[in-house]
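Peer 1: The structure under discussion is supplied below as structure tokens; questions concerning it will follow.
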Amino acid sequence: MTEILRIEGLQKRFGGLVATDNVTLDVHTGEIHALIGPNGAGKSTLINQLCGELRQDAGVIHLAGRDISHMPAHERVDLGLGRTFQVTSLLEDFTVRENVGLAVQARDGGNFRVFDRVTARRSVWEETDHLLAGSLLNDRRDSRAADLSHGEKKQLELILALATQPRLLLLDEPMAGLGHVETQQMIETLSGLRGELSMLLVEHDMEAVFALADRISVLVYGQIIMTGTADEVRSDPRVREAYLGTEDA
Amino acid sequence: MRKLILPVLLIAIFALMPLIAELVGKNALMTLSARILMYAMAAASLNLILGYGGMVSFGHAAYFGVGAYVVGILYSHWMSEVPIFGLFPGSNQLLVTLPIAMIVSGLAALLIGALSLRTGGVQFIMITLAFAQMIFFLFVSLTAYGGEDGIIIRRANAVPGLNMRDKTTVYYVILVVAVLYFAWLWRVVNSSFGQVLKGIRQNERRMEAMGIATFRYKLYAFVLAGMGAGLAGALMANFLRFTSPDMMHWTKSGELIIMVILGGLGTFFGPILGAAAFLILEFYLADWTEHWQLGLGIILLLVVLFTKGGILGAVDRLKGGRQ
Amino acid sequence: MILILEQLLNGLQYGVMLFLLAAGLTLIFGIMGVINLAHGSLYMIGAFAGTWVATTTGSFWLGIPAGLIAAALVGFLVEATVIRKLYARDHLDQVLATFALILIFNQMIILIFGRQPIFTPLPEVFYGSIEIIPGLFYPPYRLLIIAVGLLVAVGLYFLINRTRVGMLVRAGSTNRDMVRALGVDVRLLYTVVFGLGALLAGLAGYMTGPILAVQVGMGEDILLATFVVVVIGGVGSIKGAFVAGIGLGVVDTMLRAFLPTILRGFMAPSDADAIGASVSSMGIFLLMAIVLLIRPKGLFAAGG
């Protein structure tokens with residue numbers, strides 16, 4: 001068992017537009033697999049199909065050997081599929097600690113209890129504080145999520161995803177909109193997680209991709225045109241033409 | 001400890017109200033106070049889904065009315081000694097009718113919620129309104145239970161050991177039930193479930209990504225809210241000794257929303273203050289002019305356009321607290 | 001058979017009325033994103049203003065511009081003072097603010113005209129009935145309403161599909177941000193749309209006058225039915241408003257006309273009438289619930 005994620009023949013159309021065209025892809029257990037491609041290549045559509053927000057027209061998705069193609073989003077989370085959002089999606093009125101606490105509680109269960117006191121769930125809050133202690137947000141724990149900087153929100157996105165204890169983490173452009181320093185911090189945070197879980201990383205920042213990825217797949221017009229190591233991708237003429245070429249020119 | 005000041009103060013005021021009413025010789029004050037208690041319960045139950053859960057239900061008066069009708073129908077069958085559907089006997093015992101009212105209105109909310117929660121946004125507002133109107137017309141058509149005229153309940157339900165013919169006794173029974181209800185509600189909003197519900201209001205997509213099947217939680221909240229409104233309606237039927245389809249007219253649903261907003265959406269004590277503000281306003285404005293709704297409309301418009309957070313929000317701002 | 005045809009015409013007449021109201025409402029919601037509960041008030045204002053002018057001057061025809069102008073003026077006023085503040089608000093604030101407007105308008109009408117219903121005088125040409133097909137006598141005024149409603153539908157069709165304003169309206173109901181991005185004066189567009197909606201509501205109100213009593217509360221009765229039309233038709237879709245308006249008008253009228261008779265077949269007449277009437281009232285809401293369960297966005301949802 002070396003594949004945490006296997007996608008076969010995934011297909012999605014919006015009217016006449018083919019957003020995902022027969023995509024076949026696998027992510028090895030423990031690897032960081034990057035998915036790159038020009039704007040409009042269908043990366044976000046693919047992520048949304050993997051996590052269950054969008055239903056594919058055809059094809060199958062296996063998570064750790066189980067067919068999850070027709071599962072609702074929340075069940076995929078239970079099976080160990082975590083995600084971050086490209087546009088940060090937080091509980092804006094809650095503090096950082098409440099955000100993380102709820103994510104931990106959601107995984108821990110007992111969410112239908114109406115007679116307990118949420119502040120008294122010791123194991124939940126211990127785990128929350130543990131997660132925060134190892135993060136860049138430790139001294140921001142009592143700030144409202146709405147008051148965080150963009151970079152901090154991106155970090156919180158990541159912590160929320162980790163709180164669900166995913167085996168595979170879908171990262172939808174975690175560096176988007178970050179400054180140089182913040183990008184370095186995010187790269188460090190993600191490298192620190194290497195080996196603990198597998199990641200499928202959608203990212204435009206090539207520096208980050210080359211620094212992190214074990215393998216890279218290139219998505220153009222809804223199709224995977226190649227999968228390989230950083231060097232293979234860099235030297236592939238098709239990729240240069242479709243993607244890098246336009247940037248170099 | 002400071003947290004306890006407001007509830008203790010509120011209980012004290014409501015407990016002393018019959019005495020005050022007698023002292024100033026204005027019996028209407030006790031009636032007003034009782035109405036505030038019951039509407040506060042109904043508004044608070046709505047606040048659970050509207051304020052804490054972010055579901056704009058425009059048909060909440062339906063459950064209020066269903067609760068009242070359960071009391072009325074049980075009473076009329078108890079009087080006539082004809083079992084309902086030939087199966088269940090009627091009842092005039094408060095300790096029987098209140099739980100049944102909660103169960104029946106909870107079931108109504110379960111059915112309506114399960115269908116309505118598949119939609120969202122404006123469609124949700126409209127479909128909850130539509131179902132409420134259907135229930136309204138259903139009761140209008142029930143000629144066996146008075147149709148448009150409703151049911152007159154000659155005597156308030158009995159409670160062993162209490163003289164329920166005495167209006168003051170009924171008042172204190174309502175007060176006790178209300179206090180119990182709010183204590184229970186306090187537990188709910190501070191529970192694990194309450195936390196999930198608050199999360200759903202802020203960002204449903206995020207909650208799904210945390211592995212929460214949001215539909216079930218919203219439905220659960222919807223049912224709890226329906227039961228709360230049913231309880232309030234059952235008390236109202238006992239207090240007015242009357243029930244009619246008017247109790248579930250769509251404008252009543254609108255009034256419940258107004259109470260929640262006036263007090264402060266998603267705040268615990270907001271619905272109590274909102275119900276009090278609304279009914280006191282009605283009481284005095286209606287005394288002064290038959291066009292009191294004009295004043296109500298203007299005040300409501302100003303509150304919506306120019307304030308944030310209702311009465312509690314204004315208090316917070318005055319204290320220089322959070323904005 | 002004649003009876004059914006007659007009721008079909010009645011249904012059509014009610015249906016075009018619903019369409020006149022729903023067309024404005026659906027555009028206001030589709031383009032501006034505002035739920036306007038006070039749309040029924042504009043209908044009421046058109047009816048009262050038109051009827052007042054008609055009775056004072058003795059001319060039914062003068063009532064038409066009066067009703068239209070009054071509704072449009074109040075519409076502009078409401079848009080400029082209240083609705084404009086609600087664009088960026090959530091649905092809850094919109095529901096409440098426009099609910100407040102209903103209370104205000106109802107009381108103002110009571111202050112001016114009292115609670116008693118007033119009646120719109122009908123010109124003599126409309127008295128009696130004419131024989132449309134052998135055996136079917138029908139009041140000409142109702143035929144006029146149907147004609148006016150269909151004319152407005154055709155006019156709106158051309159306005160929406162053939163003019164620049166219409167192009168913006170179509171763009172706006174599918175993608176609000178796109179219109180902004182086009183550099184259009186959105187504020188003006190909103191005012192025009194709201195004014196148009198108010199105009200149609202006023203027209204519907206005044207034309208209903210001779211058939212139903214002009215009284216406080218007339219707006220709310222038809223408002224709920226109009227909302228059902230908008231939601232079933234799909235928010236923002238004029239076509240949906242037309243199809244759903246006519247459809248609901250016919251269904252509602254048919255139920256009211258024939259259900260009590262059918263029920264009399266197996267219950268006491270008084271019960272049959274009461275139950276028939278209320279089940280008919282439930283009919284449109286039941287229909288809406290069914291449609292929404294199958295198509296949560298309505299039949300012709302704009303923008304998918």
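Backbone N, Cα and C define each Cβ position, glycine as well.
Features from TrEMBL:
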- C:12-38: transmembrane segment (TRANSMEM)
- C:58-83: transmembrane segment (TRANSMEM)
- C:95-114: transmembrane segment (TRANSMEM)
- C:141-160: transmembrane segment (TRANSMEM)
- C:188-207: transmembrane segment (TRANSMEM)
- C:222-251: transmembrane segment (TRANSMEM)
- C:272-294: transmembrane segment (TRANSMEM)
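Describe each of these features in terms of where it is and what it packs against.
Peer 2: Long-range contacts of the transmembrane segment (C:58-83) within the same chain, counting only residues at least 6 positions beyond its ends with a Cβ under 8 Å from a Cβ of the stretch, are 32, 34, 36, 38, 41-43, 45-52, 97-98, 101, 120-123, 190-191, 194-195, 197-199, 201-203, 205-206, 209.
Non-local neighbours of the transmembrane segment (C:95-114) in the same chain are 35-38, 40-41, 44-45, 48, 52, 78, 82, 85-86, 89, 216-217, 219-220; each lies 6+ residues outside the stretch with a CB under 8 Å from one of its CB atoms.
If one looks beyond the transmembrane segment (C:222-251) by at least 6 residues along the same chain, the residues whose Cβ comes under 8 Å of a Cβ in the stretch are 8, 11-19, 21-23, 25-27, 29-31, 37, 39-40, 43, 153, 156-157, 160, 173-174, 283-285, 287-288, 291-292, 297-303.
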Peer 1: Out of C:12-38, C:141-160, C:272-294, which stretch touches the transmembrane segment (C:188-207) the most, going by CB pairs under 8 Å?
Peer 2: C:12-38
Peer 1: How about long-range neighbours of the transmembrane segment (C:272-294): same chain, 6 or more residues beyond its ends, C-beta under 8 Å?
Peer 2: 225, 228, 231-232, 248, 251-252, 255-256, 259-264
